[in-house]
Amino acid sequence: MLRNWFRQGTPWIWLNAGAVALSLLLVGGLLAFILLQSIGVFWPGDMSGHIGTKLLQYLANWWQFLSGSSSDGGIFPAILGTVLMVLLMSVLVTPLGVLAAVYLHEYAKEGPLLRVIRVAVHNLAGVPSIVFGVFGLGFFVYFLGGSIDSLFYRDSLPTPTFGAPGLLWVSLTLALLTLPVVIVATEQGLAGIPKNLRLGCFALGATKAEVIWKIVLPQASPAMVTALMLAIARAAGEVAPLVFVGVVKSAPSLPLSSEFPYLQLQQKITSLSMHIYDAGLQSPNAQLAEPLVFASALVLITLIFILNLMAYRLRKRLNSRYRQRAVEE
């Protein structure tokens, strides 16, 4: 009986279920702890009056915290900086990662060289993030930025324009940091498409480029969105590599402009992760800053959740669209 029990895989089912339950318990406990620590930060405990008045004051305090400038104790510049660097990173890393995955899976010939490249991509995901920051400082800021200044901003030298840390280099460094995640997840999505689907298209006279562009990539788009979700989650929480390339604890101004392209890509920014690090570890009064650290962490988690929810809705919409197209055809 015990042998049959093992043959049926029952111990592994319970082991997997226990691992999932433990993971959910740890994540849920962490989120609950942050929520409990931050939910009452702005509650006016010493304020006398009706509960409705206290609630309005509580919401007003939260709004002031979310919309205020850094000098007023707010985190709006950090929220805006996080959103801008993540969105710009997504625009940069998605096409590059998808093209690399398509080449590795659809065009590259199987052999030792391809296996070495795949191992290198997987290992690149395990490189310490601070190494990417040092590379970004040397290559993006000093080499690319210095070259741009010498070609297009020669009149403003020796004061650097793009040859100094800024939003563009932050986004490029994050794109390089998350590139292995996008490549691996997209390639796994391409591998999940049946080979018979490609062969059927070839039999109908379609070229390889047409099959990839019109059949394979649309079918693999949910995997691409999943890769983007993973990239967003990692990029939004990074601190160490971004200190080298343009993230500071207090940005002098917002990286926005009233003129096209409406973004000052050379402007330094601040981020929620940097704000949490600075308030939690660099504050002269850590005990006083601790509640604000938890409140900022809650905002960061909420922001990542919103961005991932948008990506999830996009993936769901793409799934339903291609499922409906398959039924019609």
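From the backbone N, Cα and C atoms, a Cβ is placed for every residue, glycine too.
According to TrEMBL, the feature domain 'ABC transmembrane type-1' maps to 79-311.
Among the features that TrEMBL reports, transmembrane segment is placed at 12-36 (among others). Proximity of distant same-chain residues to the transmembrane segment (12-36), defined by a Cβ-Cβ separation under 8 Å and at least 6 residues beyond the stretch ends, is recorded for 294, 297-298, 301.
Through the fold, the transmembrane segment (75-104) approaches residues 65-69, 114, 117-118, 121, 167-168, 170-172, 174-175, 178-179, 181-184, 186-187, 190, 212, 216-217, 224, 227-228, 231-232, 235-236, 242, 247, 250-251, 254-256, 263, 269-275, 296, 299-300, 303, 307 of its own chain, all at least 6 residues removed from its boundaries and within a Cβ separation under 8 Å. Per TrEMBL, the feature transmembrane segment maps to 75-104 (among others).
Summarising the annotation, TrEMBL assigns transmembrane segment to 124-144 (among others).
For 164-185 (among others), the entry in TrEMBL reads transmembrane segment.
Residues or ranges marked as transmembrane segment in TrEMBL: 292-314 (among others). The list of residues near the transmembrane segment (292-314) in space but at least 6 beyond its ends in sequence, with Cβ under 8 angstroms from a Cβ of it, reads 31, 34-35, 37-39, 41-42, 65-66, 73, 75, 78-79, 82-83, 86, 225, 228-229, 232-233, 236-237, 272-273, 275-276, 279-280.
If you look at the transmembrane segment (124-144), the same-chain residues 6 or more away from its ends with a CB under 8 A from one of its CBs are 162-165, 168-169, 172-173, 176-177, 179-181, 184, 238, 240-246.
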